[in-house]
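Straight from TrEMBL, the features:
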TRANSMEM  17-37  transmembrane segment
TRANSMEM  49-72  transmembrane segment
TRANSMEM  145-162  transmembrane segment
TRANSMEM  204-223  transmembrane segment
TRANSMEM  235-256  transmembrane segment
TRANSMEM  276-296  transmembrane segment
TRANSMEM  303-320  transmembrane segment
TRANSMEM  326-343  transmembrane segment
REGION    346-390  region 'Disordered'
COMPBIAS  346-361  compositional bias 'Basic and acidic residues'
COMPBIAS  367-377  compositional bias 'Low complexity'
COMPBIAS  381-390  compositional bias 'Basic and acidic residues'
Amino acid sequence: MSSQQDVPRLFHIPLKYISLVTLTFQNSALILIMHYSRVMPGYDSNSRYLASTAVLLNEIIKLCACSAVAVYDRGLQKAWKEVFSNDCWKLAIPACLYTVQNSLQYVAVSNLDAATFQVTYQLKIITTAAFSVTILHRSLSPMKWMSLVMLTLGIALVQLPHDVVSMVASSFNLSLRLPGGSDDDTPKQEHHGLKGEEEMNRTLGLVAVLIACILSGLAGVYFEKVLKGANASLWVRNVQLSFFSLFPAFFIGILWKDGAAIAEKGFFFGYNPVVWTAIGFQAGGGIVVALCVNFADNIAKNFATSISILISFIASVYFFDFVVTGNFVLGAMLVLIATYLYSKPDRRPSSGETQHKEEYRLVPLESTSSDDASSQSPRPPLDKYNDKQQ
């Protein structure tokens, strides 16, 4: 009875379930809104807003919001000392990687439909595992290796052209035909895509996702290796990341990449309520997710990711005339199963094994205590820190 009373609640609802709904909504809504802002009718490549300005505004908004909370929580003088501590420069590297990753996400959602992007972006699990093995010298169980192979096959099926998959399937007397799919012979309504979707380049979108996933995995592993044992609050970490992100976002994105276009058209060229909504979701969504992760375990987080993939799939069919193919459905199912298998906890090692096995430990960003790292709760999954608090 007492354990039920100790469960954090909001309006008599356990925060674990609120976190699950929030994570699902944020994961699916952000990608859908970002994609629509890049392909919405009435805008083309010459009249659409510049993604570099959105990335910079995202960091400015998050910096202001997190700074206000950090000052309220820690006090101005103490927050200033924690943000600009002696080791704060270590955040510059992941901040730069995350900024480039955010920019590549705009490239990806501009050239891939929301459902395909959601599925393909799960490659970050593979890149994180690869960097964990090579940099942190961490070993993976056979189950995790099998799930990574399954994840790779699923993403490959989603990305391969349907004609190629159908040709291979036909050689084995298999059929991947779906009612209403791209190879269905039954009459169906004429496809009326959005104006921006006619300009989409799937190859460019795939390359952008691949690079973004590599940067995501590298930044997450660097974060765990370099900052293990460091005590800092969630808000201080976000202030540091946002502060150092301003430099690559401004000098690389604003001045170097789009300086001429901004000087000619203006900083807020092409902005509309949809664009501002996308920026708001990206700036505040990551903070909400970071807070929700405190109350939702890793299985719930991956369950929310799976549901968001299904929501993006249904929304893409309904709003963006996404053509359902057999290889996409099969690939998405493999990705969902692989994500579940990878998130399952491994068998607990015996006491003799734990004495000879050293593992890096990262103090959760949410921890504000001054206790030593060894007194913290077990190391949280790496994928909690894999994506910048966007």
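Backbone N, Cα and C atoms are what each Cβ position is placed from, and that goes for glycine too.
Within its own chain, the transmembrane segment (235-256) is flanked in space by residues 51-53, 55-56, 59-60, 62-63, 66-67, 69-70, 73-74, 79, 82-83, 88, 91-92, 94-96, 98-100, 103, 262, 287, 290, 365, 388-389, which lie at least six positions past its ends and keep a Cβ under 8 Å from the stretch. Put simply, of 17-37, 49-72, 145-162, 204-223, 326-343, the stretch with the most CB pairs closer than 8 A to the transmembrane segment (303-320) is 17-37.
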